[in-house]
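According to Swiss-Prot, the feature active site, for beta-ketoacyl synthase activity maps to C578, H714, H758. According to Swiss-Prot, the active site, proton acceptor annotation covers H1368, on the basis of sequence analysis. Summarising the annotation, Swiss-Prot assigns active site, proton donor to D1557. Marked as domain 'Starter acyltransferase (SAT)' by Swiss-Prot on the basis of sequence analysis: 38-265. Taken from Swiss-Prot, the feature domain 'Ketosynthase family 3 (KS3)' covers 405-840. For 943-1262, the entry in Swiss-Prot reads domain 'Malonyl-CoA:ACP transacylase (MAT)', with the evidence type sequence analysis. The domain 'PKS/mFAS DH' annotation in Swiss-Prot covers 1336-1646 and is backed by sequence analysis. As annotated by Swiss-Prot, domain 'Carrier' applies to 1741-1818, with the evidence given as sequence analysis. Per Swiss-Prot, the feature O-(pantetheine 4'-phosphoryl)serine maps to S1778. The region 'N-terminal hotdog fold' feature in Swiss-Prot is assigned to 1336-1476. The region 'Dehydratase (DH) domain' feature in Swiss-Prot is assigned to 1404-1642. What Swiss-Prot records for 1498-1646 is region 'C-terminal hotdog fold'.
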Amino acid sequence: MRPTTPSTTESPDNFSNMKLLYFSNEFPHDDLAGLSRQLTLLSKQKQFPHLARFLDHATEAVRDEVRQLPWSLRNTIPSFDSVFNFIEHASLRKGELGASIDGVLLVVVQLGTLIKYYEENPKKYDLNTGNAALSGLGLGLLSTAAVSLSSSVSDLAVAGVEVVRLAFRLGVVVGSVSSNLESRDPTSPPVSWAAVVPDVTVDEARDELDAFYAREKMPSTSKIFISAWSHNSVTISGPPSRLKHLFRTSEFFRGQKIINLPVYGGLCHAAHLYNQEHVREVVSETDSLKELSSRASPKLTTFATSTGKRFEAETARELFEQIVAEIMTKEIRWGTVVDSVLAQAHTTSCSDIQVLVFRKSLPVYDLLTAFSSKQPGLEVSTLELIPTIPASLDNGTPVSGGSSKSSIAIVGMSCRMPGGATDTESFWNLLEKGMDVHRTIPADRFDIDTHHDPKGKAMNSSHTAYGCFIDEPGLFDAPFFNMSPREAQQTDPMQRLALVTAYEALERAGYVANRTPATSLERIGTFYGQASDDYREVNTAQEISTYFIPGGCRAFGPGRINYFFKFAGPSFSIDTACSSSLATIQTACTSLWNKDTDMAVAGGMNVLTNSDAFAGLSHGHFLTKTPNACKTWDSEADGYCRADGIGSIVMKRLEDAIADNDNIIGVIRGAATNHSAEAVSITHPHAGAQSFLSSKVLSAAGIDPFDVSYVEMHGTGTQAGDKEEMKSVTDVFAPAGPKRRSMRQPLHVGAVKANVGHGEAVAGVTALIKVLLMFQKSMIPPHVGIKNSLNPALPSDLAERNVRIPYTRQAWPREKDRKRIAAVNNFSAAGGNTMIAIEEPPLPRNIAPEDEDPRTTHAVTVSAKSKVSLEGNLKRLIAFLENNPDVRMSDLAYTTAARKYHHNHRIAVAAADVPQLKKKLSAQLNSIDSVKSISNLQPLIAFAFTGQGASYKSMDLQLFHHEPTFRSQILHLNSLALAQGFPSFLPAVDGSFPKDHAHSAVVTQMALVAIEISLAAYWASLGVVPNVVVGHSLGEYAALYVAGVLSASDAIYLVGQRARLLEERVQAGSHKMMAVRASLADIQKIAAGMPYEVACINGPRDTVLSGLSKDLDTLIEPLQKAGFKCYSLDVAYAFHSSQTDPILEEFGELAETGAIFHAPKLPVLSPLLGKVIFDEKTLNATYMKRATRECVNYLAAVETGAKLSLVDDNTLWVEIGPHPVCINMSKSSLRSVGAAVPSMRRDESNWATMAQSLSTLHCAGATIRWNEFHKPFEKGLRLLDLPTYAWNNKNYWIQYNGDWALTKGNTYYDAQKKALETAKALPAPRLSDLKTSSVQRIIEESFDGSAGTVVMQSDLMEADFLAAAHGHKMNGCGVVTSSIHADISYTLGSYLLKKMSPSSGDIAMNVADLEVVKGLVAQKNTKVPQMIQVSISTENINTGTAQLRWQNVNAQGIPDEPFATATLEYGDRSAWLSSWVPQTHLIQGRIEALETLAAQGIANRLSHNMAYLLFANNLVDYATKYRGMQSVVINGLEAFADVTLTTEKGGVWTVPPYFIDSVAHLAGFVMNVSDAIDTKANYCVTPGWSSMRFAKPLVAGAKYRSYVKMIPTVEDRSVYLGDVYVLQDNEIIGIVGGIKFRQYPRILLNRFFSAPDEASPSPNPTHGATAKAQAQPKTIAASHGDEKHFATSVQISTPSKIGHQLIVKPVAIQAPPPAGPVVVALKDPEVQGSPVVVASAAAAVDTNSVASKAISMIANEAALEQADLQDEASFAELGIDSLMSLVISEKLREELGVVVSGSLFLEYPTIGDLRSWLMEYYG
């Protein structure tokens, strides 16, 4: 049907008025975000249903278009739930898809606004009945098409969605074509492709452009052109760099005003770039377009902007094609549109015209001006639509109910059920067999003999001894889930199994993260039901440790699933008692319906270990006392049997599941939850509420109750519950009224609890999985709950109502005329009711012949995280093939590669059929031990681009015929070639000629480069992107394109022009090229004096010569006689020889003006220069000219790349070309390569080559986007339900011991309290009268000649000692300062000397080499002793030295490992003073210099109060008597202080600690206050010093001056050293030498300096302690925020067996056993990675080294085997999380003195990394 609008030649009835709708190419509002918000809010109101539908469907259309994009583009688009989300993504709108995104936004805003206007004013939509016309600019023309095709607002909402699709596709095509002209730099701001030049006529602009073309030779595709013009301005478009060059070099344009337009997406209105193929690419034949074309045709005149004429279109498709062609290929001449509008107004004799616009703009003003000047009598009005949208909306406006709900597809499921059901198949087996799997409560839960009393009299006991239990619920593959054994053991097994079943369900669903929009990580949520915390309450509560909270609290179950899979959607743990899992699934459905998520993982979990719940439910009369699962509907039903269970399902909206090619196993049509508010009690069921719920769900889903053929009932086996539920079901699904079920529509009912008991929180998902299995098996399993007779309380007319209880298996086949629908009930003891209506899955779609996968060879992959699992996965796949010999290879390859996660142990094989595949997989099974784990680091990838002559003259490329990315790129490049005046090169690639047919040089060479550019694009789409490129001869053009140096257009231009010049200037065949298998030196020696030229040096023994044919022929004989093979290359010209001389100058000129050379984005290995090119100057026209003539030294290029580490032994080499040549050169030139693969081979199918190459790269560690590989063929592929992952399980289980759950008594602390009392009652004996505040009691002294030992003990809680500690507070805790340790040293040193040498007189003492490995922090409880022990000993007092050791003493009086050591040296005061004299003037000079700097305002002078205020704020809060510094001058890390010692007395001391601190803590002040240190993020503490010497006593009230300069050490920049000088009256009287400070993150302050009794019980005693002490469990405190966590050490050396389960009991860690034979992963120089057996650990590694001890400690803390700690193992994979890392870091610091930061395991992510660091710095 043609438009009814009149033309100038054919005039219908005149209309008195006319309407013109104008759609601009500019956004109609400056605040686009605000406008979109208003449209969104309006769409939620009842009066705008069409607007709501349009916005919703437009979003779905864009989502569908995104799904079709190649990954490189798809990955740039974030997840979205509305197209308006894009507005906020500025970078997206200016990126590669900017044109698509802005085009969509423009169309949606325009049409959305128009729909809103006409919904508000429905009578005004009379466009197709009156004199109306449409006009638009650019993309605005697309919006006119939607209006032209629509008879109503409802039609407009539909047609508008198709226009949104076109706008998106148009941007994609424009971006693709434009990027071939000039690629954009994603790291730089976007640049404009168009500029307006005002006040210039079109003729002036054309003349100047013609002159520019005459000066500059360039490809026609790159030319600047006029895209739009009017009477007073011109828009000039072109590649940005060309535009910039024009405006910079043209004298004419330099004098004009240039306004760059925000056109960032590419070029339109370019007839030289686009053709009808591009138009068809945009207006592709889709189902939605077919439907629209079948029911809509153009109804209104739409003016073309190039001619002003109307579009003559009969169908929607024709109209779209004409408009898209207008946008892509035609100039905008707005004046012609203005003239046509005036003509129509005149022809129709209208008296008034209304112009509808979104807002006024220049084109509108031009139109209005024309009306007023040329038709002054015409009454013209304008209506701006944007102002009709209110700025704000009334919150009270009624809101619509929203769009209709989608059905929800279940696409994956997994379970662990009682009775040994470890998967859904074994679960079905027990259902099908009618098994009742109840059993006596197993011993791994609790002792049934003590916790069960059938009479119910024993306190806290269970009345029942039965339950239904999962076998070995502790089985878990901890390393797979990156959990340490310690974390796994302390994590609730139901949460672990939820994680496992979630993985399996996702695996069966074919889930791969971000594969499609519906699998975007940001749009996936996790929903699980859980109603108990047994394991946390009982098992882990026996010894609370690090993972007590994250391993046991319910929220962490779904949270851990989200964390492991990196889902960023919501995670919910829901407790509605018995209905938890189905209520959770309903919540997940709601989330999907509301589009809060696009995919949901949901389910429930229950593992029973707490006897309290059994006791409570027994006393509440819930549980049966008899041995059965549940006697559902039995006359003697007396309650339910508790059960374990874990179930997980994966859900999507149905349309998304279909689009994602998922296996749909069931379809949820409706779901809802209500509450039995009218029940007689909260736990009593209510039939009315249940019936109401069922009716509500069926009504909302549009389901006739009689269409439901099965109801899976809650069926707990209670008298009240069974009666009420059966009544509610029969009332709704099988009523007794006049309308009854026919005999053809029986209603079967069942209850899974009769088989596996009542799983409580997991009951709902258990029932749902049963129904899903019934759909799969087309079978209803027997109901086994009736043990005696049918419950007489049930309706007596069940048979008459056609309600059937299946006592035996019943067939439930698909029917042709109706779908199988089931209902699943799940009720809560707390009163909640949930019901789900579920329909059978749709039948798999038939695969049309044209959709069959054309590939003949396929890559099948198998992977795992361990070799054990890899072997298991491989065996499972082989078994699957044995059982399914007819499986299609394409489906198998698709499922294993594109629809599975890939792990670090990989196998991949290429095969053409199943027998071949089985043979290859079996071979792999026999060599499983040789499979190496790939590194987490991606290997380097090098692209090598082939030169000419490697393939047939004519090719027939399967990639061109079948692969869209490759084909599209070839076609685009061919279009460029045609546009540049060259012949098409398609005949050289499409098989239209025999393979030996010789094409022209132009065709052949362009075809080669085009193939290589397209191959690179294809590899990139598969995720294989180079880190470095090298091109051989002609291949260098493609290499430079990939490196970003040349655009595709310029590469084609240069290659075509070079080939044209060869054809025109050079005689083909006069010269030849000859390959010689010899080195250049060999050839030079043999062919000395003979004429030849060296064309290529391809390898150490691979050279190509060029020259006259006759000259090279004479070389053959001597070379062959010398044993060197020679063969001529099949090329028409001798490249890189004198034959090319005639073309060089002209080619250089063409390259100079015709191509733009950019700086490479990748390193380029240059065969011309033998160098690596990084800069922007080397690659230019001169380079291209030289590369044509000079030698190709491929060998030098590759060797240079290796020297610069751009390629290494693990680099993956990919040959980009029609046949492998370069990769062989690379292998011969390098020591080793990781892998080398071709893209194509002669005489081999492209798909066979690609399958093998992808398999090789995959196994070598490359990340292949397998989905992109299979995506073009997905219509012909099916997802297979393959075997799930073969877990490498171990049993992680903490056994509940004893009967404390019965007694509720806790005797844990009794022994400790008794020991404390004993310690108080029996103090250590005093052996001496010596008593000071710090040395309170000598408990041991022994002297033997010149050897002697003195041991003292002191209680830190003694008043003076405690006051001294509290005088030095850190983190609010009293900390024993090092000056107290110094006083103890001086006291004991003096005592020892007097005892052993009474006549020694006044001897000075040096406290040397003090090292404090752990701070001594005062406990909070002052009523309990806190004992320390310090010993001083000397082997020979005559040496003048003695050794000191500090130890904590536990409550049993046993000393722990030393926490500090020092050496006491006796010396001569006078000698010290004399030795210090030379340094005095130096120190004085530095002090004076600081004074000068302070006077100049450079250094800071701080008062007494300010100094200690800063000190207290940053780290240490000193008591008054410690505050000796009166003023401080500080500059960077240098300072001096004036000190006055306090006269305040307090305690008995040898050298008061507040004296020592006052003169020495200037160093600590500098390290914690100086602006040279990041004191905000870090703090510094001293672990000791080299020496502390005072030649004169420190005197109360005396004045001193201290000076220090701290310097960072070279070895460790976090460690600082300095000397503190103490001066009195300008004389050095003391030095604290080599004082050391170490920097720590401030976040660890709480961890290091907390009172010990705030964290954990006493530390574990040493190995020499008593047996009683060894029995104490060891706990390590790890602070995380304000919480305290405890890590319990667990030994697995003395397990007890219960059944088949390994029960691990918490015990103390014993001394490690002697080292036995071990296997150490030492690399054999010949066989990489081969293990070497050594006799013992000591022979392989130094077990006493810090590194070895640290690795052992990590194994111990994480409960890992030493064998697990191989160098390549990453801490993340071993499960060392943030909590565990804090525990280990503290242990390393405490026990080994290794000071580490909290980021240790991030900085050194693998065992090998950490071991190397420890060996380097600690040994």
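From the backbone N, Cα and C atoms, a Cβ is placed for every residue, glycine too.
Shown here: features listed in Swiss-Prot, placed on the structure.
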| residue | record | DSSP (3 states) |
| --- | --- | --- |
| C578 | active site, for beta-ketoacyl synthase activity | strand |
| H714 | active site, for beta-ketoacyl synthase activity | coil |
| H758 | active site, for beta-ketoacyl synthase activity | strand |
| H1368 | active site, proton acceptor | strand |
| D1557 | active site, proton donor | helix |
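Within 10 Å of the Cβ of C578 (active site, for beta-ketoacyl synthase activity) there are 28 other Cβ atoms, across all protein chains. Here the active-site residues are H714, H1368, and the one whose Cβ sees the fewest other Cβ atoms within 10 Å is H1368. The two recorded residues, H714 (active site, for beta-ketoacyl synthase activity) and H758 (active site, for beta-ketoacyl synthase activity), show a Cα separation of 9 Å. C578 (active site, for beta-ketoacyl synthase activity) sits 8 Å from H758 (active site, for beta-ketoacyl synthase activity), taking the CA atoms of both as reference points. Using a cut-off of 8 Å between Cβ atoms, the domain 'Carrier' (1741-1818) and the domain 'Malonyl-CoA:ACP transacylase (MAT)' (943-1262) share fewer than three residue pairs, counting only pairs 6 or more apart in sequence. Touching of the domain 'Starter acyltransferase (SAT)' (38-265) and the domain 'Malonyl-CoA:ACP transacylase (MAT)' (943-1262) is concluded from the presence of at least three CB pairs under 8 A, sequence neighbours closer than 6 excluded.
Separation of the C-alpha atoms of H758 (active site, for beta-ketoacyl synthase activity) and the residue listed as 'active site, proton donor': 70 Å, rounded to the nearest whole number. Mean pLDDT across the region 'N-terminal hotdog fold' (1336-1476) comes to 93 in this model. Between the C-alpha atoms of H1368 (active site, proton acceptor) and D1557 (active site, proton donor), the distance comes to 10 Å. D1557 (active site, proton donor) counts 26 other C-beta atoms within 10 Å of its own C-beta, drawing on all protein chains shown.
Within 10 Å of the C-beta of H758 (active site, for beta-ketoacyl synthase activity) there are 33 other C-beta atoms, taking all protein chains into account.
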